[in-house]
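Peer 1: Pasting the feature list from TrEMBL:
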type    : residues                               : note
BINDING : B:Cys104, B:Cys107, B:Cys144, B:Cys147 : Zn(2+) binding site
BINDING : B:His136                               : Fe cation binding site
Protein chains: 2
Amino acid sequence: MPKDDCNTSGDRLYQMLATLKSHDFRITPQRLAVLKILAASEDHPSVEQIYEKVRVEFPTTSLATIYKIVALLKELNELLELGFPDESNRYDGKKPFPHPHVICTKCKKIMDPELTSFDELKEEIARKTGFRIIHHRLDFFGLCRECQKVE
Amino acid sequence: MPKDDCNTSGDRLYQMLATLKSHDFRITPQRLAVLKILAASEDHPSVEQIYEKVRVEFPTTSLATIYKIVALLKELNELLELGFPDESNRYDGKKPFPHPHVICTKCKKIMDPELTSFDELKEEIARKTGFRIIHHRLDFFGLCRECQKVE
DNA sequence: TCTTAAAGGAGAATGGTTCTCTATAAAGAA
DNA sequence: TTCTTTATAGAGAACCATTCTCCTTTAAGA
Ligand SMILES: [Mn+2]
Ligand SMILES: [Mn+2]
Ligand SMILES: [Zn+2]
Ligand SMILES: [Zn+2]
């Protein structure tokens, strides 16, 4: 199975928990809540959005705690961060490795497109620049189907 | 001539001046200095770097002025902005349209690679997602040749 | 020159993120 | 189950690249 196939959210939750445990990090209610949200999110939520969802179950949770958990998961390579200079960062807990994104500039939706012709591009880059490529970032900005309808 | 061929810095300076004039923006010494720097820059300078260069000739220049000029050129599509969430934005005045970049994570050098297999990728995206793609951002992060040598 | 609105200079404000410090509680030991 | 240790949570201050505000200066046409 290719690694970018959509796993069930249960698989991802289990994987993230296993990684935390194997590094002797404690499983706190706040961490578990964030993990569940990330493992189940079809969109690419922001820290603020994760925060609001966690507060439904744990109203006293601090925003700093969410930031800390997100930083930890990022460090453990269990979370992909999409940083944006003008707005909040967005996170992908289902596919924690670099992959292309399609971003609607109007409704801010972020999707994972299926692409076949990307691998040869990566090879061409390494060959022509002499760089040792560590990771990449590929974003297409535009209007999603829904936002094209509204004038 | 394809639009991404490297023009001389004189061509770019003339083009940027023409755009400013055609929109009735005034040609001030500060604007001219920034334009010259952008038209001549082989790297992708930050606002701070542009600021330092301008201050050699005009020591009283304000940082806010550089930000304003950069914003204006961006608005006129004469400057490409590469925003980064953790560090300063970088600018390309020679190729003011979206194009791939190769970024050294150690020395922060940013280069323009030559790529042939990128056009089919763009077509595949539009076809498969239904998005109307307006622009894109493609960055490869890694170590440049020089930074690979140092351990 | 003269006029006037655009542009520059200086510093405050912004806001997402990070840091700091104290209180709390997870997890292993007894 | 209770105890102990120390990682983690909570709260708010600090950070800092960028933007904004307000006043002064000046480019450019008359
Ligand atoms: Mn994704
Ligand atoms: Mn470039
Ligand atoms: Zn949309
Ligand atoms: Zn380098």
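These residue numbers are counts, starting from 1, taken along the chain as shown.
Using N, Cα and C of the backbone, Cβ positions are placed for all residues, glycine too.
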Peer 1: Distance between B:Cys144 (Zn(2+) binding site) and the residue listed as 'Fe cation binding site' at the Cα atoms, whole Å?
Peer 2: 23
Peer 1: Report the residues of the chain - excluding B:Cys104, B:Cys107, B:Cys144, B:Cys147 - with C-beta within 8 Å of the mean position of the site's C-beta atoms, for the recorded Zn(2+) site, in sequence order.
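Peer 2: Apart from the listed residues, the neighbours are B:Thr105, B:Lys106, B:Lys108, B:Lys109, B:Leu143, B:Arg145, B:Glu146, B:Gln148.
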Peer 1: Going by DSSP, is B:Cys107 (Zn(2+) binding site) sitting in a helix, a strand, or coil?
Peer 2: coil
Peer 1: Any idea what DSSP makes of B:Cys144 (Zn(2+) binding site), helix, strand or coil?
Peer 2: coil
Peer 1: Taking the Cβ of B:Cys144 (Zn(2+) binding site) as the centre, count every other Cβ atom within 10 Å, in any protein chain shown.
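Peer 2: 21, counting other Cβ atoms within 10 Å of B:Cys144 (Zn(2+) binding site).
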Peer 1: Do you know offhand how many angstrom separate B:Cys107 (Zn(2+) binding site) and B:His136 (Fe cation binding site) by C-alpha?
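Peer 2: About 24 Å separate the Cα atoms of these two residues.
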Peer 1: Mind checking which of B:Cys104, B:Cys107, B:Cys147 has the fewest other CB atoms within 10 A of its CB? They're the binding-site residues.
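Peer 2: If we count Cβ atoms within 10 Å for the binding-site residues B:Cys104, B:Cys107, B:Cys147, the smallest count is at B:Cys107.
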Peer 1: Under 8 Å Cβ-Cβ from B:His136 (Fe cation binding site), six or more apart in the same chain: what's there?
Peer 2: B:Pro98, B:Lys122
